[in-house]
Amino acid sequence: MILTLPDLITPEELVLIKQKLAAVPFADGKATAGELLHAKKQNQQIPWDHPVMKDITNLVMQALGRHDAFMSAAQPRRLAAMLVSRYGPGMAYGSHVDSAVMGAPHHVRSDVSFTLFLSEPDTYEGGELAFEVAGSEVSFKLPARSAICYSTGQLHRVRPVESGERLAVVGWVQSLVRDPGMRELLHDLSTARELLVGKEGVERSLELVNKCYSNLLRRNAEP
């Protein structure tokens with residue numbers, strides 16, 4: 001499941017994050033890439049253990065916590081890691097899946113990844129976040145303050161930045177629900193429930209409930 005989160009943070013929070021980043025030097029992103037990904041990862045980043053990340057992490061986690069769709073889709077248990085990434089001209093991150101376990105020395109399984117865009121899309125060329133879905137590629141380049149979350153096991157890449165600067169907060173959380181398919185079913189049921197409570201969108205509610213029923217039966221029935 002790939003879910004977009006429009007306006008995750010406020011304009012004031014975006015300004016605050018950028019102010020905190022203004023005087024912080026970025027390091028080579030290869031430092032947190034496994035050996036197999038060194039050739040694919042060309043970016044700069046501020047790692048999760050840098051002092052400035054404490055305030056940024058708290059701000060972003062509070063924003064995620066007040067976003068009902070994220071809470072429903074991710075079922076977050078704890079944060080695995082968070083960093084700020086920067087891509088300039090010629091930088092990219094080739095096709096990969098994110099690490100399954102993060103946060104040394106206290107290892108945490110990563111189930112759900114998210115990217116919070118800090119740069120407006122018209123300030124840089126390229127840099128789309130692209131996912132491999134059913135043999136084709138789907139790409140996103142969201143407005144600043146908006147985010148996208150997806151299963152950590154999803155194959156994805158950041159296309160080369162041709163000009164400008166692409167700045168983003170990237171994070172990973174451990175979910176209460178390990179299985180991504182079950183998380184999606186639960187999210188669909190939650191969405192249907194909210195629609196029914198409001199007595200709006202009844203037809204859409206029935207579609208989601210029927211989908212959940214059929215998929216749950218398929219997972220559990222053993223004729």
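Just so you know, glycine gets a Cβ as well, placed from its N, Cα and C.
Model, not experiment: these values are computed from the prediction.
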In TrEMBL, the residues HIS96, ASP98 are said to bind Fe cation. Which of HIS38, HIS50, HIS156 is said to bind at that same site?
HIS156
Please count the residues of the domain 'Fe2OG dioxygenase' (78-175) that DSSP assigns to helix (H, G, I), strand (E, B) and coil.
3 helix, 60 strand, 35 coil
Do any residues at least six apart in sequence from HIS156 (Fe cation binding site), in the same chain, have a Cβ closer than 8 Å to its Cβ, and if so which, in order?
SER95, HIS96, VAL97, LEU129, ALA130, PHE131, GLU132, TYR150
If you count, for each of the binding-site residues HIS96, ARG166, the other Cβ atoms lying within 10 Å of its Cβ, which residue has the minimum?
HIS96
